[in-house]
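K.L.:
Sharing the features that TrEMBL gives for it:
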type    : residues                                                               : note
BINDING : Ser64, Asp276, Asp278, Asp280                                          : Mg(2+) binding site
BINDING : Glu370, Ala371, Asn372, Arg497, Pro498, Ser499, Gly500, Thr501, Arg506 : substrate binding site
COILED  : 388-415                                                                : coiled coil
DOMAIN  : 178-283                                                                : domain 'Phosphoacetylglucosamine mutase AMG1'
DOMAIN  : 297-435                                                                : domain 'Phosphoacetylglucosamine mutase AMG1'
DOMAIN  : 452-525                                                                : domain 'Alpha-D-phosphohexomutase C-terminal'
Amino acid sequence: MDPEALRKYSALHPKPAGLALQYGTAGFRTKAQQLDHVMFRMGLLAVLRSKAVAATIGVMVTASHNPEEDNGIKLVDPLGEMLHPSWEEYATQLANAEEQELQEVISEICQKAEVNLHKDSLVFIGRDTRPSSEKLSQSVIDGILVLGGQYHDYGLVTTPQLHYMVCCQNTQGQYGKATLEGYYEKLSKAFMELIKQSHSSGECQRHLKIDCANGIGALKLSEMKPYFPQEVLIHIYNDGTKEKLNHLCGADFVKVHQKPPRGLDMKPHERCCSFDGDADRIVYYYKDATGHFHLIDGDKIATLISIFLKELLAKVRQNFEMAVVQTAYANGSSTRYLEETLKVPVHCVKTGVKHLHHKAQEFDVGVYFEANGHGTVLFSKSAETKIRQLVKEEKDDEKREAAKVLENMIDLINQTVGDAISDMLVIEAILALKGLTVQQWDALYTDLPNRLLKVQVADRRVIDTADAERRAVTPPGLQEKIDALVKKYKLSRAFVRPSGTEDVVRIYAEADTQENADALAHEVSLAVYHLAGGKGAPPQPI
């Protein structure tokens, strides 16, 4: 490490006085103009991480579904997974260090994490379409170069594409080719193999309207279009040429507001979906004949995929263990349908993709989706090997054909992280193979009416939770109060959890009617206000 070069370059990326940031599930995120020093320092950290694990590390410059003015950065570990929790602490430490402490903090990280600075390092960089992203990714490169790291800049890519590249590189190409062409070829080939066997060649079945949130998804989907067969008719809306990123559009907007995005004209029964700003989330929706809007969120996506995989697994007759992983935000109807109708085990974990991903790794086939549309399917190494072996060697036609469909699903799914493009193709293939319309899919079960609220508190740390955030342990008396309120309503449940970033407590309630869900949410919010140190005026009825 050259202390002089570090000092010189660090001075070109000064840290604003008094700014403290925390590396969370989504990495660092804030206003773009406050991030230059963070980008430089994450370039440094990526090199250290690469040297520590002797593998390629990814750096993605994006703020996902946040407004266009924001930006952010997250690091990607060797198999395309999220940064290891111990290194999240190093990231926070490095980002918040004062200029003169920088070298000392780097030395400390090297010592704690046993980093050999003489080792080689390689960092893959990607960025979204925000106006600030190009300049900020240049700051990352400055950081990489100061510590003598090598880098490959992929430029504009979706977040899942960067995760994919990192995984391909570190598996020596076993997972695929670490190029955009490699990604498009692998996914489109698997998709075409799947839909070849579908019987429903009805025109309307193949039409899909996609809201790309005025983000990177539009660019990459356009690049991928030539790889698709003629009969796949995808229509791209909110492509970023006219409007601002994530403004009144995108998966997050549609999910939160329960209405179609601006810039997409919906006719009754048309199948539509929305990506978020960096294309790692997807939700579907349609309007019925009366013009009523229907949202199909991550819970229903997980259910459709589970139905399909369960049927195939039954046909290959191997003892594969399959499970669905959800958070407490999953609609109660989806949990009930999966457990009681499909007879698939459901596990509930704390909110946050890393918790879902980690739990899903415990099974031969682990399906996980957050209600917001972020999710994927993980196949254990042994299950994947066995499936590929059956395709080659199985004499029984039915078993072999089912194994072949599973093999194509394995290739179509991006197992590193939730991927809107990949998930969309998985859904489209399943709907085609099962001959299902979007309405039939939606009719699998009816969501219980629910309500999300938040209450401002003086200190969010007064609330501590257990049982995958479904029970409040502190403050005393709060959980008992919630239990008593829940008893008043049919098919109801409610839970509270502190925000990870601000002094706010989030409340979720569901019940048999919207009126009851609203009343329960309000009553729980009052209990939080009175027992957990609410700020400002008491919550008002909805």
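Numbering starts at 1 and runs along the chain as displayed.
The backbone N, Cα and C atoms fix where each Cβ goes, glycine too.
Automated prediction, rather than curation, is the source of TrEMBL annotations.
Since this is a predicted model, take the numbers as computed values, not measurements.
What's the neighbourhood like for each of these?
P.N.:
In the shown protein chains, 34 other C-beta atoms lie within 10 A of the C-beta of Asp278 (Mg(2+) binding site).
Within 10 Å of the C-beta of Asn372 (substrate binding site) we count 21 further C-beta atoms, all protein chains included.
Same-chain neighbours of the coiled coil (388-415): 80, 160, 163-164, 186-187, 189-191, 193-194, 197, 309, 312-313, 315-318, 376-379, 422-423, 425-426, 429, 433, counting only residues six or more beyond its ends whose CB sits under 8 Å from a CB of the stretch.
The predicted model assigns the domain 'Phosphoacetylglucosamine mutase AMG1' (297-435) a mean pLDDT of 96.
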K.L.:
Other residues near the Mg(2+) site, CB within 8 A of the CB centroid of Ser64, Asp276, Asp278, Asp280?
P.N.:
Thr62, His65, Thr158, Thr159, Gly215, Phe275, Gly277, Ala279, Arg281, His374, Ala420
K.L.:
I'm trying to understand the geometry here, so how far is the Cα atom of Ser64 (Mg(2+) binding site) from the Cα atom of Gly500 (substrate binding site), in Å to the nearest whole number?
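P.N.:
If we compare the Cα positions of Ser64 (Mg(2+) binding site) and Gly500 (substrate binding site), the gap is 17 Å.
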K.L.:
Could you work out which of the binding-site residues (Asp276, Asp280, Glu370) has its C-beta surrounded by the smallest number of other C-beta atoms within 10 A?
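P.N.:
Candidates: the binding-site residues Asp276, Asp280, Glu370. Fewest Cβ atoms within 10 Å: Glu370.
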K.L.:
Where Arg506 (substrate binding site) and Asp280 (Mg(2+) binding site) are concerned, what is their Cα separation in Å, rounded?
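P.N.:
Their Cα atoms are separated by 23 Å.
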K.L.:
Sort out for me which one of Pro498, Gly500 has the most neighbouring CB atoms within 10 A, since those are the binding-site residues we care about.
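P.N.:
By the 10 Å Cβ neighbour count, Pro498 comes out on top.
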